Amino acid sequence: MIGPPVNLPKWLEENSHLLKPPINNYCVYNGDFTVMIVGGPNARTDYHINTTPEWFYQHRGAMTLKIVDPTEGNNTFRDIVIREGDMFLLPANTPHNPVRFADTVGIVLEQKRPAGSLDRMRWYCQREGCGAVVKEAAFHCTDLGTQIKEAVEAFKADEEGRRCKQCGEVAEWCPKPGSIRDPNLE
């Protein structure tokens with residue numbers, strides 16, 4: 001059965017309590033496409049790698065999409081600010097960390113994963129000048145609402161598994177307060 005349209009402001013008024021850390025997402029549609037409403041703030045340091053493109057629309061406030069850009073050679077870390085009213089299409093297989101700030105809301109649309117495809121959650125060393133891969137988890141994504149959260153929670157619980165094999169730094173499981181510039185304060 002085809003359901004009715006979702007009035008986003010009304011949905012947020014009635015359901016914003018469903019947007020819970022560490023991901024703060026809620027899947028409103030989950031079929032051939034997954035449509036998530038995502039609120040802020042969130043607390044994660046992972047970079048998600050999806051074999052399909054992801055579409056972002058920022059309904060309220062601005063967010064920062066931290067990416068590892070393979071097109072600039074040597075996997076350059078960079079930030080893309082998506083402001084209120086902006087939409088952005090992230091190419092498939094681009095490592096990305098969506099950073100959401102207080103009182104912000106966005107919509108993310110993802111395709112259903114092809115059979116046999118693996119999503120990856122990757123954590124990089126945060127020490128200046130290092131950037132080595134600290135840990136990577138792979139899974140066939142069938143439920144975005146729970147699987148990403150499970151991977152983040154497992155990383156949080158494994159302090160020794162967060163140690164960089166290249167420099168010895170222990171990676172943070174969530175960003176340190178004030179470590180990421182909030183474009184909403186500019």
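All positions are counted from 1 along the displayed chain.
For all residues, glycine too, the Cβ spot is worked out from N, Cα and C.
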According to Swiss-Prot, which candidate in Glu84, Glu110 joins Glu54, Arg100 at the substrate site: Glu110
Proximal residue to Arg100 (substrate binding site) among binding-site residues Arg44, His48, Glu54, Cys125 (C-alpha distance): Arg44
DSSP state at Glu54 (Fe cation binding site), helix/strand/coil: strand
Integer Å distance between the CA atoms belonging to Glu110 (substrate binding site) and Glu54 (Fe cation binding site): 5
For Cys130 (divalent metal cation binding site): intrachain residues, at least 6 apart, with Cβ closer than 8 Å: Cys164, Gln166, Cys167, Glu169
Cβ-based neighbourhood (8 Å from the centroid) of the divalent metal cation site, residues Cys125, Cys130, Cys164, Cys167 excluded: Gln126, Arg127, Gly131, Ala132, Val134, Lys165, Gln166, Gly168, Glu169, Ala171
